[in-house]
Amino acid sequence: MDKKQFSLVPRIINGSIAGIIGVTCVFPIDLVKTRLQNQQIGKNGERMYRSMKRIPQSWCSNRESSGPSSRLNPRNVKLDCAIKTFRNEGFFGMYRGSGVNLLLITPEKAIKLVGNDFFRHHLVNKQNKLTLPREMLAGSGAGMCQIVVTTPMELLKIQLQDAGRTAGAAVSSGQKVKVSATRIALGLFRERGIVGLYKGTGATMFRDVTFSAIYFPLFAHLNALGKKRKDSDQSVFYVSFLAGCSAGCVSSLVVTPIDVVKTRLQTLTKVTGERQYTGVVDCFTKTWRYEGLRAFFKGGFCRIMVIAPLFGIAQVVYYLGIAEMMLEKLQRTP
């Protein structure tokens, strides 16, 4: 790794732009992921969503006796959660909670991407190279730093994303539920102080540190294999995109069980009858006991669909150096 000057401001701007563009593109899929992960199977096997996978024909035929409205075509229910959310809450319902995410994604992505670059810059050995353990350490450092922003962002985002699911159950039982980021944040602050906004920090740290330790070294090695730009040691944009997507796909799949636990711990409003959890170990234990191994991969396909393009887009924006172009034009402007 070349020990050149570390330019902080352009990297922060690039990280911010990358985060905003990426989140805008994939947020609806992330909402579906959150709702699928939070969904618990009832005593009689009842559930609100049938996940994103194809439902067996036998399940569909068993429901036909309930009337025309319950007849389900396997092709139509492949995206059951997404379809129900769109029908019940509209287009903007698919972006429920995006305001919080877009507001905080700027510092979150800036910390993550810049933090990794910062640690990589300072962890090169005497031969001016990074060994794999040092690459993983740099990624872990970036993941550790980002939880300062990630934890409250995820906590608020999850409540808003899951509001449609919990509100539907509440309405059926005659209750009214109003959810807003401001209401949640103020309520937590009044009850528990600033610590209330950091519920689920342990699970968030476990997920983000593990993810970053895998993602950044893998991305760096995949990116280095591709075609380089003319007169530059940087890879062409499509190589960075594919490397980001591939590394994101692998990393997100590995940490999906941790993400399921984190999502459930950070969900404050439960549907009547859903289990409560006291911590990471308790959530792991109860989920395994009552729902089995498959529960730890709920929303896994959605998570891959979110993380892979999100980091592919982020790496392209980051490595294209949009901030450098903008700053250069501003300097030329009289």
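A Cβ is built for glycine as well, from the same backbone N, Cα and C atoms used for every other residue.
Curation does not apply to TrEMBL; its annotations are automatic.
Residues or ranges marked as repeat 'Solcar' by TrEMBL: 6-122 (among others).
For 12-32 (among others), the entry in TrEMBL reads transmembrane segment. Counting residues 6+ beyond its ends, the transmembrane segment (12-32) has Cβ neighbours under 8 Å at 52, 79, 81-82, 85, 94-98, 101-102, 105-114, 161, 299, 302, 305-306, 309-311, 313-318, 321-324, 326-327 in the same chain.
If you look up TrEMBL, you'll see 130-225 (among others) marked as repeat 'Solcar'. Secondary structure of the repeat 'Solcar' (130-225) per DSSP, as helix, strand and coil residue counts: 83 helix, 0 strand, 13 coil.
Confidence over the repeat 'Solcar' (235-325), given as mean pLDDT on the 0 to 100 scale, stands at 86. The repeat 'Solcar' feature in TrEMBL is assigned to 235-325 (among others).
TrEMBL lists 236-258 (among others) with the feature transmembrane segment.
Here TrEMBL flags 304-322 (among others) as transmembrane segment. Panel annotation: around the transmembrane segment (304-322), residues 10-11, 13-15, 17-19, 21-23, 25-26, 29-30, 33, 109, 113, 215, 219, 223, 234-235, 237, 240-249, 251-253 of the same chain, lying at least six beyond its termini, place a Cβ under 8 Å from a Cβ of the stretch.
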Per-state residue totals over the repeat 'Solcar' (235-325) - DSSP helix, strand, coil
72 helix, 1 strand, 18 coil
